[in-house]
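Asker: According to TrEMBL, the record shows the following:
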type    : residues                                                               : note
BINDING : Thr10, Gly11, Ser12, Ile13, Arg37, Asn38, Asn120, Glu122, Gly200       : NADPH binding site
BINDING : Lys121, Ser147, Glu148, Ser171, His194, Ser207, Asn212, Lys213, Glu216 : 1-deoxy-D-xylulose 5-phosphate binding site
BINDING : Asp146, Glu148, Glu216                                                 : Mn(2+) binding site
DOMAIN  : 4-128                                                                  : domain '1-deoxy-D-xylulose 5-phosphate reductoisomerase N-terminal'
DOMAIN  : 142-224                                                                : domain '1-deoxy-D-xylulose 5-phosphate reductoisomerase C-terminal'
DOMAIN  : 256-372                                                                : domain 'DXP reductoisomerase C-terminal'
Amino acid sequence: MKQIALLGATGSIGTSTLEVMRAYPEAFRLVSFSFHRNLTAARAIIQEFQPEYVAAGTESDAAILSQEFPAIQVGVGVAGLEAASVLPAVDVVLTAVSGSVGLLPTLAAIKAGKDIALANKETLVMAGEWVMAAVKAAGVTLLPVDSEHSAIFQCLQGETQNLDRLVITASGGSFRDLSREDLTQVTLTQALAHPNWSMGKKITIDSSTMMNKGLEVIEAHWLFGVDYDKIDVVLHRESIIHSLIQLRDGAFLAQLGPSDMREPIQYALTYPDRWPIEHAKPFELAQLGQLHFEPMSMTRFPMLALAYEVGKKGGAYPTVYNAANEIAAQAFMDGKISYLAIEAAVTQAVAAFHEEVTTLERVIEVDQETRQQVTAWIEGGKL
Ligand code: NDP
Ligand code: MG
């Protein structure tokens, strides 16, 4: 029986994780979970899974749950996320909150000797150096949930010593067929219509700006210890090949599958074993016919080019890149700025940053400072 803490249980990844757990009730137990705003979903999860601990987003929701479920411990905010992660019964923490809030509880879990299944890409983008060092020091395993990284990890089994290059696939997102000129006109509804995947809103926006792919390149650098010059991104419209590796003799290995996050989630939870998944639509290669590959244009998708730049600079540059995007993407979703202002915010924030950062404490401060700065730009109508 694997005992699981699920951070972000009410989200897209959280919901898919609960589906995986529901399919194998004898193998998984939900010890604790967190939610942010969705009290209704949290209540249903408590009733179904009977956890020991719940971390709520607000004091008022925590008070409601304490009253309704007196047998369950309830916490709030980042302290609640950390407490949910380090409970003695927990074997694995699956981090599926969105945004930089995932970092501290994941680090706390690593230090408490918990294995990590990581969906939250911001954790490695902001603090890859410190997180990977903590994983090593604690002797825990950190397994990827993000589909591209899971694909690479699956291809790497038995091949680590032969690895030459990573090839990450990108669907191109909802605006892949639009020119930069067309982008001045786009709406939130259009941005949220991803061609292949059903995901949380923020990551769907990030897929269209290619911020998501940028974050994934940085995440891959830390997870697999590969230089940025050895990480390629290729446009692959069908999202059938989730990513590839190239070995030193030139051979490519790819992992293929349906666009269903239950696969990488379950693999991270059952690794090195593989268990069946009941798919609504079975995956038929012959039905697919063709797969397409195109080069990624760095001028069409400047956020991808910027990811390589901030990744190579290291320190807090990736944090600035991520934090500016988190604020700007949210402002776009709230109707406060235009679509192209997301890119402007990220570009401007990175250009304004000139500091060599060597401590995690400072990285966390830079995250906050960038948020404040971009918020001020938005409120001052500067974007
Ligand atoms: P969702 O927006 O669907 O869910 C986010 C989850 O985090 C919800 O449970 C939400 O709670 C909670 N949450 C949001 N803000 C906060 C906060 N400030 N503090 C604490 N909890 C918070 O996101 P996804 O499931 O799509 O993505 C989660 C993470 O996984 C992201 O980092 C994303 O990049 C990554 N990822 C997602 C993939 C996908 O297919 N969706 C694929 C690969 C990676 P509530 O809903 O209760 O408000
Ligand atoms: Mg991905």
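Backbone N, Cα and C atoms are what each Cβ position is placed from, and that goes for glycine too.
Not measured: the values here are computed from a predicted model.
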Asker: Using a 10 Å cut-off, grab the number of neighbouring Cβ atoms around the Cβ of Asp146 (Mn(2+) binding site), all chains included.
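Answerer: Asp146 (Mn(2+) binding site) is surrounded by 28 other Cβ atoms within 10 Å.
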Asker: For His194 (1-deoxy-D-xylulose 5-phosphate binding site) and Asn120 (NADPH binding site), determine the Cα separation and express it in whole Å.
Answerer: 19
Asker: By DSSP, how many residues in the domain 'DXP reductoisomerase C-terminal' (256-372) are helix, how many strand, and how many coil?
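Answerer: DSSP classes over the domain 'DXP reductoisomerase C-terminal' (256-372) add up to 67 helix, 3 strand, 47 coil.
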Asker: What is the three-state DSSP composition of the domain '1-deoxy-D-xylulose 5-phosphate reductoisomerase C-terminal' (142-224), stated as helix, strand and coil residue counts?
Answerer: 44 helix, 11 strand, 28 coil
Asker: Using DSSP, how many residues of the domain '1-deoxy-D-xylulose 5-phosphate reductoisomerase N-terminal' (4-128) fall into helix, strand and coil, respectively?
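Answerer: Its residues fall into 62 helix, 27 strand, 36 coil.
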Asker: Measuring C-alpha to C-alpha, could you say which of the binding-site residues Thr10, Asn120, Lys121, Gly200, Glu216 are within 10 Å of Asp146 (Mn(2+) binding site)?
Answerer: Asn120, Lys121, Glu216
Asker: Can you name every residue in this chain, apart from Asp146, Glu148, Glu216, with its Cβ inside 8 Å of the center of the Cβ atoms of the recorded Mn(2+) site?
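Answerer: Checked against the 8 Å cutoff, the neighbours are Lys121, Pro144, Ser147, His149, Ser150, Ile168, Asn212, Lys213, Leu215, Glu219, Ala220, Ser243.
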Asker: Quick one: which of the binding-site residues (Ser12, Arg37, Asn120, Lys121, Asp146, Glu148) have their CB closer than 6 Å to ligand 2?
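Answerer: From Ser12, Arg37, Asn120, Lys121, Asp146, Glu148, counting a Cβ under 6 Å from ligand 2 as near, the near ones are Asp146, Glu148.
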Asker: If you measure Asn120 (NADPH binding site) to Glu148 (1-deoxy-D-xylulose 5-phosphate binding site) at Cα, how many Å is it?
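Answerer: About 13 Å separate the Cα atoms of these two residues.
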Asker: Please list the binding-site residues from Ser12, Arg37, Asn120, Lys121, Gly200, Glu216 whose Cβ falls under 6 Å of any atom in ligand 1.
Answerer: Ser12, Arg37, Asn120, Lys121, Gly200
Asker: Distance between Gly200 (NADPH binding site) and Asn212 (1-deoxy-D-xylulose 5-phosphate binding site) at the Cα atoms, whole Å?
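Answerer: Gly200 (NADPH binding site) to Asn212 (1-deoxy-D-xylulose 5-phosphate binding site), Cα-Cα distance: 12 Å.
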